[in-house]
């Protein structure tokens, strides 16, 4: 299995002011970008948000333009179809507004995950979810579930590429069943392995369960 | 101290006996388990930290039953898988070590400090921010050990920890395990590794056929393997 962490994945160690910016500020800025794009749907809003996010990644995270383009590659087919549809149906200015706005939001969200270590991200999620404790939510479990979900995206992308290459090597790339079946089985096996790994490490347990646990340093335990 | 009290394991469909009733106490610091593929080694190991519960009988670690106190037992028993990629769930080593420490509910600064300390103790700080997919097999296994030992369990259970490694990394992981303070129970196909333990169990077809000093155990296993080689076809029908 190859790793796709650098293409789709999460934190990348690096330099730049975005790495030193508090998570809360980055999250608010990312949210503001999405709100602006949705609230003021105009080419100028799109142009401004796109410029700001691009500058943030270029200057704030020291990324090259090529690297930014590669980050968008997985979403490129969907964006291209959307742009074509919007362009033909409602005009190219409208297509720029919609697709440019989505791209700005994607880049803004990516700027947050790219420059924030996973554990800091989880701490932020735990803080965010903490008020929901009163209705029975467990912030640590919520954060763990979110991190596993984020972690699974690049893994499954890698699995898809491996399966496709294996099918191609056997001359079966046009057979959808050959491509999909190993992907589904691989995904289920991955879920099973991850669950077992978490269980083996005692992660994702309720607080009450943990409180009942024995102290590993207690010789009398 | 690990106690098996008439612990047996049947397959999910209840048709096959994966592990025959087993009663023994493991108190030595290093215990190895050897046997053919599919003989029940991994099943036995999984009983120790409650990943698998016995179909009948019981298993206790430091007096805690793995069925009724499974979560408590897992906090005291670290488990190392054969393939470290099955174990590492975060994109980088540093994040995975910190994930382990999250279970201890430490303040962020303390968690970061202890994470650095663990990485330093295993000499893998330079690998901490690399993708786990960019690491060699040996580096991954050392990282997997660090991840499990970050929470300082009292017992380490390792399922063929050197099987996927080349000779150099095999020696590295064995040296690391030899230097641990914890009680270690491991399965292996490497008979030299088994000889480094204080007690060896030989398991065949779900049954402990020898329990004693490693040299004698290895001799017994070689004799068993020789007999199996003389028989035509595969001699195992049950899974791990």
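Glycine is treated like the rest: Cβ placed from N, Cα and C.
In TrEMBL, the transmembrane segment annotation falls on A:142-161 of the listed ranges A:122-141, A:142-161.
Check TrEMBL against the ranges A:92-112, A:176-196 and you find transmembrane segment recorded for A:92-112. For the transmembrane segment (A:17-38), the partner stretch with the most Cβ pairs below 8 Å, chosen from A:45-62, A:92-112, A:142-161, is A:92-112. Note on the transmembrane segment (A:92-112): residues 18, 23, 26-27, 29-30, 33-34, 37-38, 41-43, 45-47, 49-50, 52-54, 56-57, 60-61, 68, 71-72, 75, 79, 82-84, 86, 121 of its chain, located 6 or more positions outside it, place their CB under 8 angstroms from a CB of the stretch.
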